[in-house]
Amino acid sequence: MYILNKFIRRTVIFFFFCYLPIASSESKKIEQPLLTQKYYGLRLGTTRVIYKEDAPSTSFWIMNEKEYPILVQTQVYNDDKSSKAPFIVTPPILKVESNARTRLKVIPTSNLFNKNEESLYWLCVKGVPPLNDNESNNKNNITTNLNVNVVTNSCIKLIYRPKTIDLTTMEIADKLKLERKGNSIVIKNPTSSYVNIANIKSGNLSFNIPNGYIEPFGYAQLPGGVHSKITLTILDDNGAEIIRDY
């Protein structure tokens, strides 16, 4: 009996130490997760959307250039980018398949717009992961997958344009006025349209104005040290550049 018990103890100890390296090896596999990143961003077909008074709607397209589907949520905000605007986008939520393009429609929900000048809103498109987008673990290697989903929210300008406005961007650019105010220069917009300015150059200086635009009948004050001659890069409705020297 003594010999039998001694044999059993030795056998148990032998199998215990044989198992330890295996357990340690499995632990190392679990401690090294696979990191998978997915970016839920979309390509928008324009930099701004123009809604003309009395039109039933306007539209724009979006494209999913990723290799996986993306859920899309849309919302229109007022100029403050927080309160809801009198527009809806249809469909407000949709699934865009991989490498697919679709068109969204913007519809007004009110007619209480300023009839004398343009109004600015923000059209925001957010890409989010589908609810069932869960990666399964590799059970054979006992490997843990760490999925990181990067959600993006792209906002572009939505401009309401009354019927009374018929000036082209070139005509608006010709109407801008420059006035010196102390040691700085003020750019005045005497029109009822928004003026989108991508860049300003003066001598060796190059800079932008706050928000990138001048509102109707508004102005932008340039920093001190700017020369009397400046060059503006103005964007039209399609995002094309118009260069003007003043």
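Cβ coordinates are placed from backbone N, Cα and C, and glycine is handled just like the others.
Computed from a predicted structure; not experimentally measured.
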Per Swiss-Prot, cysteine bonded by disulfide to C155 (from C18, C124):
C124
Restricting to the same chain and to sequence separations of six or more, state which residues have a Cβ under 8 Å from that of C124 (disulfide bond).
T74, Q75, V76, Y77, N153, S154, C155
Run through the Cβ atoms and count how many others sit within 10 Å of the one on C155 (disulfide bond).
16
Secondary structure at C124 (disulfide bond) (DSSP, helix/strand/coil)?
strand
